[in-house]
């Protein structure tokens, strides 16, 4: 073998910190070999509880490592420091010039009798969660399953959240007198307990488990307080211990961990330790940000640098079980003479405590529970002069941040560094800031602050719709409304450039339709429509379409159900009940659509607009007509609303629901506008969403009668249609609306802008102009002629479409997709 | 091979035509009167739907955007703008005596 100048770095451990180190050194001259005990690639352990949402480990995976030799599923079994060789479980020997220990930690399991029984688990890895799930699924308890989480710290609450996600009601047992004893004080923890107990958690503080026993298929835990818990599963999450089972003959820190100096180097100059297994100058850290910081230090050191560990900011901000919790600086007022300013709003469910120096001039730390939105502005002020306004009750938290304040604590990036990058023109958006300063590439919690700094530095976040228009959608809406431009061509000629594209054409088509410009397949509009609108059906993966007739409120006669069944049978359509209480028929070709719709229209159906950015359905529960608990006629109202707003084109789809009582069976708070019956009338909620980012709708007005309700919905919808961005659901629109819900209420309830009469008139004109789009096609030979697969062979079926049978129905045969693409 | 009468085409819209060998072409008329023909199969989904895409321009270059996953293909070259290693075949096309023909 020829002599080589390439040096070898061996990393033992493929967790988040080890992964970060390899990423940093990816383009260096080092040859890198990684030993990872787990057989899967490195993943985001911080987000472990979200694994329960999808049970897909791919969702947690970190970016794949390149440029290194990754030995997954191979534990490093020994190290010979004299020969500088690591031996893997397979017997492989790798010589190193530098060795980095990134072995992480192991869960601490308190010595409770019975802790090894089947059904007792730890909470650390994806495999642990899979095992917990197996235990939960094997439990044969009727009704809701019951679990115990030992440990009420950050990790314990995460574990409790994961159990909830599996349909288990968790008991959380914490030895300390409060939840999250390290981060949060008594006042904050009291509120936290109250908020999480609303979520089906039972909290037991100031006690511990004294034994766990098996009783048939159950587990029984006895607490020191005398309480007995009947359980299906037990999860230990009472803390972690540095993992040092790989014996290297190196000194350990006072609380475990490989002892290293500020350069993260052990007493052996070739060996480093980073992350949770390292005791930097004797101190261990259980958070990922200090671990990342250590990875930076080692990367710099082995490249000949002199960087040392700057000490860690152990501030935390997180959302636990939907509750914001943040803690920073001297959260427990341990500094001598420290003063506390506490605002505990039990009604609003928020708690904030600021810790200041004895002269009330310097901010030392704080605790926030319930609403942690001020964390990003407050944390950088620690150690700095505290603005007087902050100490007033309800004091403004939007304070100017000093230039040397740290914005990104993962990468120790100051505000000055960021504003320099912006003002020198190096970075014009968040992505560029991330690339050149590294800010925001760690935990990501400072990204909103990066956006704010960009705005403060005068960088306009472009609102241009696309390359053809510099206007936002709302601006285009106003132009079209004011000038009554009737066509896209006229609009782009006067106000845009080029010929348009798949972004601006459908957006403008939607605006034209919202303002009432006749059939959406009219001569000047048809070429603007996305394929779904162009064929008034939903394109599916094999090029066929699905058909959804409107079933207002989900109410349908047996006769109409039979028609749907007959049509589906005659055309071989796959049928499925939708989430919006109607029926979807899949697999229709372009040529079949008019024939299918002729039969549906003849039977009294009309378009359901499942294809449009428009009202989908108004779902309902059965209401007072049948239900013993209903207090209002929810079906009747749902039908009235669905018929009123059908066909209304909007920036994105609109979903709605009406529940006949507070039990909320129609899930109205997950809708763009949802109505819930009260003893006295209706409550209207707006801005709800399921989907990618679920959001509960906010209460806009309460106890109103039907006429008032409809008036407010009319105004709300028209205001949204006028002002939202393209493809912006009401939830995102409302979150971004300046002044938020209060402003919305001022506009659509109090008529502060004086536009309500106009909004109502616009809705009246929509209602009176409504016509069924499918009937419009069937009555117009020119529109009908467009429903042809082949211009030179009308009626000939598309040879690429074929079906196979699955569970008694036709489904598409998957299409051969060229290798190059995937 | 004859595809259709020129009159059938509408500016910035596509139509699909079936070829004798069972394959399909998508034929487009741009606003300046040029006719283009591409393979109708969208390489990203395998579905024969390019003729149903929205026609427009990217930086002045005429494109059709696949209705399935929204990639843009240059009408003149068939090249995918998002992934230049992927393209769809371009067919020769002309208009003679008011009739659109593949050459």
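Here the Cβ of each residue, glycine as well, is placed from N, Cα and C on the backbone.
Keep in mind that what you see is a predicted model, and the values were worked out from it rather than measured.
Remark: residue A:665 ([4Fe-4S] cluster binding site) has A:621, A:659 as non-local neighbours, by Cβ distance under 8 Å and separation of at least 6 in sequence. Per TrEMBL, the feature [4Fe-4S] cluster binding site maps to A:621, A:627, A:661, A:665.
According to TrEMBL, the feature siroheme binding site maps to A:665. DSSP gives residue A:665 ([4Fe-4S] cluster binding site) a coil state; it is part of no helix or strand.
Confidence across the domain 'FAD/NAD(P)-binding' (A:9-282), taken as the mean pLDDT and rounded to a whole number, stands at 92. The domain 'FAD/NAD(P)-binding' annotation in TrEMBL covers A:9-282.
The domain 'NADH-rubredoxin oxidoreductase C-terminal' annotation in TrEMBL covers A:315-383.
Annotation comment: TrEMBL describes A:407-456 as domain 'BFD-like [2Fe-2S]-binding'.
Per TrEMBL, domain 'Nitrite/Sulfite reductase ferredoxin-like' is recorded for A:540-601.
In terms of DSSP secondary structure, the domain 'Nitrite/sulphite reductase 4Fe-4S' (A:612-752) contains 49 helix, 35 strand, 57 coil. Among the features that TrEMBL reports, domain 'Nitrite/sulphite reductase 4Fe-4S' is placed at A:612-752.
Within 10 Å of the C-beta of residue A:621 ([4Fe-4S] cluster binding site) there are 25 other C-beta atoms, taking all protein chains into account. Listed stretches A:315-383, A:540-601, A:612-752 were compared with the domain 'BFD-like [2Fe-2S]-binding' (A:407-456); the greatest number of C-beta pairs under 8 angstroms is found for A:315-383.
Within the group of binding-site residues (A:627, A:661), the Cβ with the highest number of other Cβ atoms inside 10 Å belongs to A:661. Apart from the site residues A:621, A:627, A:661, A:665, the chain places the Cβ of A:622, A:623, A:629, A:630, A:634, A:659, A:660, A:663, A:664, A:666 no farther than 8 Å from the centroid of the site's Cβ atoms, the recorded [4Fe-4S] cluster location.
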